[in-house]
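J.: Here's a structure for you.
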Amino acid sequence: MKRIFLFILTNIAVVAVLGIVASLLGVNRFLTANGLNLSALLGFALIMGFGGAIISLLISKPVAKWSAGVRIINDAQNADEAWIVETVRKLADKAQIGMPEVGIFEGAPNAFATGAFKNSSLVAVSTGLLQGMTREEIEAVIGHEIAHVANGDMVTMTLIQGVMNTFVVFLSRVIGYAVDSFLRRGSDNNSGPGIGYYVSTIVLDIVLGFAAAIVVAWFSRHREFRADAGSAQLLGRKQPMMNALARLGGMQPGELPKAVEAMGITGGIGKWFATHPPIEERIAALQNAPA
């Protein structure tokens with residue numbers, strides 16, 4: 001979850017900064033100088049949309065290291081760290097990707113992988129994960145993160161985020177222009193976009209941005225099932241990943257974690273933005289997957 005949440009958050013920040021810079025440079029005035037130029041707007045939306053997503057991808061490793069406080073293991077300080085590095089190396093070789101950077105961060109059980117390229121990624125695990133799981137379960141979690149890298153999930157999510165960003169930028173400005181034109185009907189002042197355009201665009205950027213985040217989260221949930229299966233394939237068996245998922249959910253295999261039980265009964269908007277499927281669904285998918 002850290003991996004996708006950080007990517008989405010960074011992407012939103014980058015697109016917002018690009019939008020502010022574009023406004024200061026008079027891009028909005030250019031787009032509406034002689035009516036709304038849809039071709040120019042589409043080009044602008046593509047640059048903004050994919051530019052923000054690609055920049056977010058390229059800076060994902062340093063942002064993740066900084067935000068999570070990751071300590072990179074350059075020289076193992078103990079047997080546990082040496083085992084983690086060797087496990088990552090072994091699974092990376094099986095997945096036929098370059099050796100990732102390996103790191104540890106303080107916190108509750110969690111792990112993530114990130115990076116723009118398969119052969120220069122980062123895999124990090126938390127101290128809570130190392131203290132609360134068996135080595136077999138930790139290996140399964142690392143396999144899950146290696147599978148994300150091998151499957152090119154960060155690049156896939158970048159493309160999806162780029163498409164959604166383009167949609168948000170384009171549609172918000174088309175609607176903003178329509179609202180501004182309606183508010184200024186009969187006015188002789190056509191020197192450029194008015195306050196209606198700017199207010200509408202800002203509001204729609206936020207609203208449509210949330211809608212886009214729901215779509216991105218939906219794709220992310222489906223990639224999690226594939227990464228779970230990838231871990232099972234790398235380890236040659238499904239049970240370690242199932243046990244790790246059960247442990248993360250605070251349950252024994254076959255039982256539902258209390259948090260998921262509550263969410264399943266009441267539903268709510270949180271499910272729409274979740275980047276990971278409920279744990280019991282992931283375990284069931286692994287159980288039903290071919291051996």
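Backbone N, Cα and C define each Cβ position, glycine as well.
For E145, the entry in Swiss-Prot reads active site. The Zn(2+) binding site annotation in Swiss-Prot covers H144, H148, E224 and is backed by sequence analysis. Per Swiss-Prot, transmembrane segment is recorded for 4-24, 39-59, 159-179, 199-219, and the stated evidence type is sequence analysis.
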J.: Determine which residues of the same chain, besides H144, H148, E224, have their CB within 8 A of the center of the CB atoms at the recorded Zn(2+) site, and list them by sequence.
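T.: Not counting the recorded site residues, we get A113, E145, A147, D153, R223, R226, A227, D228, G230, S231.
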J.: Here are some recorded positions: E145, E224. Which one has the most Cβ atoms within 10 Å of its Cβ?
T.: E145
J.: Please list, in sequence order, the residues in the chain of H144 (Zn(2+) binding site) that are at least six apart in sequence and whose C-beta is under 8 Å away from its C-beta.
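T.: The answer is A111, A227, D228, G230, S231, M241, A244.
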J.: Looking only at DSSP and grouping its letters into three states, which state does the residue listed as 'active site' belong to?
T.: helix
